[in-house]
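Taking it in order: structure first as structure tokens, then the write-up.
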Amino acid sequence: MVQAGNTVEDVPDNAPEHCPGTESEFAGKTEACAGCENQEICASNQPKLPDPSLPFIKERMSNVKRKILVLSGKGGVGKSTFTAQLGWAFAADEQVQTGIMDVDICGPSIPTILGIASEQVHSSSSGWSPVYVQDNLGVMSVGFMLPSARDAVMWRGPKKNGLISQFLKDVDWGDLDYLVIDTPPGTSDEHLSIVQFLKESGIDGAVLITTPQEVALQDVRREIDFCRKVGIRILGLVENMSGFVCPGCRTESQIFKPSTGGGKKLAQDMGIELLGSVPLDPRIGKSADYGVSFLDEYPESPACIAFLDIIDRKFFYLSGVLVADSDFRN
Amino acid sequence: MALSETPVSRRLQSVKHIIIVLSGKGGVGKSSVSTQLALNLYRSSPTTRVGILDVDLTGPSIPRMLGLDGHGVHQSSDGWVPVYADGVDARLACMSVGFLLKKKGDSVVWRGPKKNGMIKQFLSDVRWGELDYLVIDTPPGTSDEHLSLLEHMAPVHSRLSSVIVTTPQAVALMDAMKCLSFTRAVNLPVLGLIENMSGYVCPCCGEISNVFSTGGGEEMARREGLKFLGSLPVDTELVSLLDASDGTEAASSAGSSSEPSNAAAEPAESFQLLQRYSKTSSANLFKNILERVAASLSQDTEVPTSARI
């Protein structure tokens, strides 16, 4: 039986086959290391030199009170939509300063969803200025840096990591109450990097997004596994696209059937909180395409009510860490 | 382009066509399109041999969709033996990182270089045998996995082609555009564009709702001079079929015997998938898509030299 290892490892590009990874306790000591030009460095067991950008990131992030990750193993389940709504909901309070950081480098959707796709980033003496949707909602995304929206960003891991590091240390976020970080699908470079870069500053928690089908839940299970491996607190699970109400006959049907019990069962099985289920509403997608806030446009819709319920419950009134301190709420 | 022989080119010598399924955006149906493409190629003739390779390393969905959850890959003297979705017939071979995981919920937390290594191994070490088509399902984006695929398959570049999948929303089309730019940058022929999730038919009153709007894919194809392969509405039957095709029966029979695909229960199980698939409305629509894919493929092979370099 062939088995894939599944540890968080750092194997350099030019490493010999079966390299245990530079961070491994066996680094420089296994058979595979014989003959590797870096064997001595690995074997010396000296702590690796820290990333020189870490102190700058820590400095910059010291002005950010809460850092929230939006994650999901699967693509297209509504991470960016949820991130945008969360941003808008926070920013509805004029006293609250919110930032949204889009680390989906190859497929940035945040600028479109927030209606600022044509904007550009400006740099000043204090760093890159985020693009502001409104006075208290700043956004940073690679989407603002491309010459044309048609351009593909064909970058391998290290380059993506470099940009993420810059987003954290070079963006002039100012004082923020919340920084919401939208991620690409999967558990790879972007995710590892953000966790590593924010290790010292601390991530307050992650919201996981899923849809009801097993194919999506499978990937979310992997994401939960990831969070537990790297020690990120899971705030809870949001089930998107659960049920669809036909605008013609008002009957609710399940487009993506929860064949294995959906988000509810997953939350139970994995011991995490189900924050809520948001029904599929074609107007959500449309709002995202036009870059307007769904919450403002259709406040009466069931989907909007579900969204607000999640946001209220989790982020303003109930939860321990996030809302316990009221000093910046008032 | 250097056409020296590599382990990958040696292994892929016996593969006639390699079709890469791409989309910039996640969750638009790459894996379900890949699965349908493979199933349709498979049933296009009783002798066609199809392979399906899942290079979505951190979120493999293909095993679930083909009802192969829980299967393992075995090593032979001639490389890894793929898992056969059709049992003893062995005409539909499948390989995914999902088969290599100890536990279903295990995450694969790998950075680029490790993914690159795995892809190279998938391309060079899997004992596909003779294949008419190899369908490659990719993760979203245009990053490590995609660059690695193209890099390792450079020696067989003349047999490569791609299909782009999108949904009708602007957000997805934008990413599809990026993906198209990618294929142009790496000189990868595009067979055409498929618009997925184009409308949803209410099972109660039959009214068509454009859940994710509609028509954007066709419009983009026209604007970019791409062939439009067709649109597929949201088909709940298909969603349930691919989602619930639980491999538990097959898995238990495979788990008890060390032989990969000789268990008697398996052929029936997987034929069932194809039979049930053939009854869905998507299968009907996909017939036309397949015809257009085949037409593009034959055109493509007529002008291989001019298209390259």
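From the backbone N, Cα and C atoms, a Cβ is placed for every residue, glycine too.
What TrEMBL records for A:1-23 is region 'Disordered'.
In this view, A:CYS33 ([4Fe-4S] cluster 1 binding site) is surrounded by 20 other Cβ atoms within 10 Å of its Cβ, with every protein chain counted. Positions annotated as [4Fe-4S] cluster 1 binding site by TrEMBL: A:CYS19, A:CYS33, A:CYS36, A:CYS42.
Taking Cβ-Cβ distances under 8 Å and a sequence gap of 6 or more within the same chain, the neighbours of A:GLY78 (ATP binding site) are A:SER72, A:ILE209, A:THR211, A:VAL238, A:ASN240, A:MET241, A:VAL278. According to TrEMBL, the ATP binding site annotation covers A:GLY73, A:LYS74, A:GLY75, A:GLY76, A:VAL77, A:GLY78, A:LYS79, A:SER80.
Under 8 Å, Cβ to Cβ, and six or more positions away along its own chain, A:CYS249 ([4Fe-4S] cluster 2 binding site) finds no residue. According to DSSP, A:CYS249 ([4Fe-4S] cluster 2 binding site) is assigned to coil rather than to any helix or strand. Annotation source TrEMBL lists [4Fe-4S] cluster 2 binding site at A:CYS246, A:CYS249.
Chain B lies within reach of A:CYS246, taking the binding-site residues A:CYS19, A:CYS42, A:CYS246 and requiring a CB-CB distance under 8 A. Taking the centre of the Cβ atoms of A:CYS19, A:CYS33, A:CYS36, A:CYS42 as the [4Fe-4S] cluster 1 site, the nearby residues of that chain (Cβ within 8 Å, site residues left out) are A:ALA15, A:PRO16, A:PRO20, A:THR22, A:ALA27, A:GLY28, A:THR30, A:ALA32, A:ASN38, A:GLN39.
Reported as a whole number, the C-alpha separation between A:CYS36 ([4Fe-4S] cluster 1 binding site) and A:GLY73 (ATP binding site) equals 35 Å. DSSP gives A:CYS42 ([4Fe-4S] cluster 1 binding site) a helix state. Nearest in space to A:LYS79 (ATP binding site), taking C-alpha to C-alpha distance over the binding-site residues A:CYS19, A:CYS33, A:CYS42, A:CYS246, is A:CYS246.
Counting neighbouring Cβ atoms within 10 Å of each of the binding-site residues (A:GLY73, A:GLY75, A:GLY76), the lowest count belongs to A:GLY75.
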